[in-house]
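Pulled from Swiss-Prot:
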BINDING   Asp11, Arg192  substrate binding site
BINDING   Glu33, Asp62  Mg(2+) binding site
SITE      Lys64  site 'Transition state stabilizer'
SITE      Asp67  site 'Transition state stabilizer'
Amino acid sequence: MSLPMLQVALDNQTMDSAYETTRQIAEEVDIIEVGTILCVGEGVRAVRDLKALYPHKIVLADAKIADAGKILSRMCFEANADWVTVICCADINTAKGALDVAKEFNGDVQIELTGYWTWEQAQQWRDAGIQQVVYHRSRDAQAAGVAWGEADITAIKRLSDMGFKVTVTGGLALEDLPLFKGIPIHVFIAGRSIRDAASPVEAARQFKRSIAELWG
């Protein structure tokens with residue numbers, strides 16, 4: 001089983017704030033995510049600028065595309081994104097359109113599982129050639145005190161068994177990682193637990209060490 005990658009979510013509102021994070025921890029992570037908040041605040045230039053600074057890193061545009069899949073994904077890929085996200089409630093043709101464009105750029109599409117979705121949809125995504133999903137505990141659910149539970153672990157295992165590369169996100173803390181041991185997680189996303197740490201560098205390194213210990 002290969003080691004899960006570590007992704008930092010830049011849900012900053014400005015590029016200046018995002019740069020404060022990347023200057024410290026870009027070399028400690030595998031993937032730099034231009035979070036939805038940053039995408040809205042700064043547009044696709046955030047993707048372009050971060051990829052220019054870190055060409056050796058995977059840069060994800062977390063656009064959460066809900067419609068106009070070809071147009072929006074092309075905007076992201078032309079800004080040199082490696083991956084883009086499509087929200088799970090989008091029509092299957094939106095996901096297909098985004099994937100078609102991704103292939104032109106040797107990129108990839110992730111389905112963001114935020115909110116309601118079904119296993120029938122999951123099968124449609126697989127049938128359409130989608131390889132990646134993001135299992136997401138929402139920011140608002142976290143704020144309401146919703147913790148990771150057995151239902152989450154069961155769903156993640158089932159998605160993996162279907163052949164998806166599964167990314168896990170949603171207020172992920174270091175102590176949560178052992179919950180997922182034994183599952184071939186593709187990526188773990190950490191946002192505030194790295195960005196807001198007293199030492200973001202050490203926080204990122206602790207995540208990497210824990211991943212190596214649990215999956216190595």
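Note: Cβ is positioned from N, Cα and C throughout, glycine not excepted.
Here the features listed in Swiss-Prot are placed on the structure.
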residue	record	Cβ contacts under 8 Å, 6 or more apart
Asp11	substrate binding site	Gly35, Thr36, Ile37, Leu38, Gly191, Arg192
Glu33	Mg(2+) binding site	Gln7, Val8, Ala9, Leu10, Val59, Leu60, Asp62, Ile189
Lys64	site 'Transition state stabilizer'	Thr36, Thr85, Val86, Ile87, Glu112, Thr114
Asp67	site 'Transition state stabilizer'	Ala90, Asp91, Thr94
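Asp62 (Mg(2+) binding site) carries a strand DSSP state (E or B). Just so you know, the Cβ of Arg192 (substrate binding site) picks up 14 other Cβ atoms within 10 Å once every protein chain is counted. In the three-state DSSP classification, Asp67 (site 'Transition state stabilizer') falls within coil. For the recorded site, Glu33 (Mg(2+) binding site), the DSSP three-state label reads strand. All protein chains included, Asp62 (Mg(2+) binding site) registers 27 other Cβ atoms within 10 Å of its own Cβ. Taken residue by residue with DSSP, Asp11 (substrate binding site) is part of neither helix nor strand, so it is coil.
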